[in-house]
Amino acid sequence: MPIRDQIIQIVRGHDLTEEQAAEAMEEIMTGVATPAQVAALLTALHLKGETDAEIAGMARVMRAKAIPVHFDGPLLDTCGTGGDSAGTFNISTTAAFIAAGAGATVAKHGNRAMSSVCGSADVLEGLGVTIDLDAAGVARCLEQAGIGFMFAQKFHPAMRFVGPVRREIGIRTIFNALGPLSNPAQARHQTLGVADPALAEKMARALYLLGAQHALVVHGHGGLDELTLSGPNLVIEVRAGHKPRRYEVSAGDLGLTPAPREALLGGDVSTNVAIVRAILSGEERGARRDVALLNAAAALVAADYAADLREGLQQARQSLESGAALARLERLITVSSINR
């Protein structure tokens, strides 16, 4: 079905099947669809409301069009959809180093700031990591440092057909959901934060359709796209071969001290770099450390290193207190700079 017919179908209030969504994405990612058609499709989907099948179908094509990163072994990603406008520091990036220090191999996929001041690419660059590596460079980091970063714009060349349209229409679209589902290293273990609780269910079902091995989709109290300390957090756990399981978790349930969102605020790149370093070095002992530990615990559950969040917290604390998490950062800085 041509994308023109799919636009008409959506405008009439009908959902696309996973296959139809994939067909539309194929036209977009190959430049067959015109900019006007891309804008119309994205806007129509936004107004109708994207389904899990539509998200999965388009993500499947986006994965296929990405430049692949090859690694022999299970991989973990920690990321979020963004859009919470909360101004927190780079929690999932900090959690990635803690999880790596506990033994998980982390293939982090991210970009520069979109809705915030400092994205994962920005803070990693500020920390001294070389962020614009090719696939071979990232694979080397995974093998030698236990963690690697894939700069999204480097690995998704087909996005050149979409980027200008997204900037011009200026609304959140299905592509905000697709980024976290399009890891070029095909990481099948994942924590995925969403700011919109309605999107959490859709993302969990999309991950299931895409064959995730083990993933935790989280929606933080107060509308954050991270687990937070201020109240009950929604978790939807996805395991291969099992229906997604929904539950809530609070900081107090795990022995962590509750704290308001304001205690997790970050700032510009230099501020967030200092915060990440303070946590990984053991200098920071307050709420920022606790929220990084909590999100690292979730990552370790998703990576199948921990049976539950309580065990994950123990492993995360050990990673920090032993210096292993900081060592992963220092090693990534070194390995990513080879042959630069």
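The backbone N, Cα and C atoms fix where each Cβ goes, glycine too.
Swiss-Prot annotations:
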- GLY80, ASN111: anthranilate 1 binding site (BINDING)
- GLY80, 83-84, THR88, 90-93, 108-116, SER120: 5-phospho-alpha-D-ribose 1-diphosphate binding site (BINDING)
- SER92, GLU226: Mg(2+) 1 binding site (BINDING)
- ARG166: anthranilate 2 binding site (BINDING)
- ASP225, GLU226: Mg(2+) 2 binding site (BINDING)
May I ask you to report the DSSP-based helix, strand or coil state of ASN111 (anthranilate 1 binding site)?
coil
May I ask which residues of the same chain, at least 6 positions away in sequence, place their Cβ under 8 angstroms from the Cβ of ARG112 (5-phospho-alpha-D-ribose 1-diphosphate binding site)?
GLY119, ALA121, ASP122
If you count the other Cβ atoms within 10 Å of each Cβ, which of the binding-site residues THR88, ASN111 comes out on top?
THR88
Long-range same-chain neighbours of SER92 (5-phospho-alpha-D-ribose 1-diphosphate binding site), Cβ under 8 Å, sequence gap at least 6?
THR78, CYS79, GLY80, SER120, THR191, GLY193, GLU226, ASN295
What's the CA to CA span in angstrom from ARG166 (anthranilate 2 binding site) over to ASP225 (Mg(2+) 2 binding site)?
21
Out of THR88, HIS109, ASN111, which of these binding-site residues is nearest ASP225 (Mg(2+) 2 binding site) by C-alpha distance?
THR88
Between HIS109, ARG166, which of the binding-site residues has the fewest other CB atoms within 10 angstroms in the structure shown?
ARG166
